[in-house]
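Data first, discussion second: the structure below is written as structure tokens.
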Ligand code: GAL
């Protein structure tokens, strides 16, 4: 009998994303994506790595599904590459792209694994970027059209749909900080992108309802619980700003149909019109969804700093950090889940990503021991369980990631997988100890030793 037991219907899974694992970047009629363009420009990515080949999952998906079966996954979260389906972003459909996902999904179902598809995990068709990308409101319309194609083609096979992965990263990391494709650094652009991405979510959610499909649809937000560095009034103001920027800017429109006033005021003081919102947009964005997906990696600790535009500065407490230099803070997951339950949704909530990067090595006997990741995952499983005990309607947990993959600006330098990919040896797959941990956890539906 496990000492920590999860609810009977709790679902265990692992997650990936198209550009990070598929490779085959120009095969079978796929169009160019903004990540193809961005990685092919020297200097954007560590080692100038690209996703051209990645884990070669496009050709090896059957082998990968066997590994998922070996681990015992209940469910697998993957993303669909928009330019594989619509090479130009709209218009002509590439049947081979549809076939790839159809085959993948059929094979998953045969293996008894529930498919969960993300429609957008950052690989926008370059042709749409050439017309302004997410800054252009038309992109929201095209996203909805693409979503409708997928509902029509795969709606009877895929029971769980996620419109977007992390609108905060799509808008701020890619268009304000410039670290991700398309690499812009302009606040107003980023705000418009955030709004149009959220709008496209609402449109696609509406179309999902109208399609009559018998599945569930949600959105995945990256959230981090924010803590003030001290009890001082000023640090609390800083924490509130940080929370508004990272979390509420995305949670509030989706669940409450409005943007947080605090930041709106700040933006309106800075610009005449920070970004365009049309009448009715927020009603569309706040259409009812079936679940919330959250990606949790770490917390934020912040301090007041009046020289900063948002009045806060992030600080790094003395603690344990992963290879990403992210603090290991499982309690942040419990606190976050409880807060979501209190302020936003009675669920269901899925953890659609949680995991850690470490510098894994192949041992002499060919195995890969990753004790730090094993510990990270165990502690976060326990933290999730504590939220369940507090009454949060948490329905499932996807570990990021099923396999090592192309970690965006960091290229192949950072390994998040529970399966090791030997890039020097034909992308050979090796199950790490963390994959065995997950297998045990799934078998017991919990953890044996607290
Ligand atoms: C998330 C993202 C994933 C993965 C992970 C680790 O933000 O959705 O694609 O890269 O972070 O950094």
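Each residue, glycine too, has its Cβ placed from N, Cα and C.
The substrate site in TrEMBL is built from 121, 165, 297, 400, 407, 408 plus one of 20, 41, namely 20.
Note: the substrate site is recorded as 20, 121, 165, 297, 400, 407, 408; in the same chain, 17, 353, 401, 405, 416 also have Cβ atoms within 8 Å of that site's Cβ centroid.
Taking Cβ-Cβ distances under 8 Å and a sequence gap of 6 or more within the same chain, the neighbours of residue 407 (substrate binding site) are 20, 357, 413, 414, 415, 416. Counting in whole angstrom, residue 400 (substrate binding site) lies 14 from residue 166 (active site, proton donor) by their C-alpha atoms. On the backbone, the CA of residue 353 (active site, nucleophile) and the CA of residue 297 (substrate binding site) stand 8 Å apart. For the substrate site, whose binding residues are given in the record as 20, 121, 165, 297, 400, 407, 408, the maximum C-alpha distance rounds to 18 Å.
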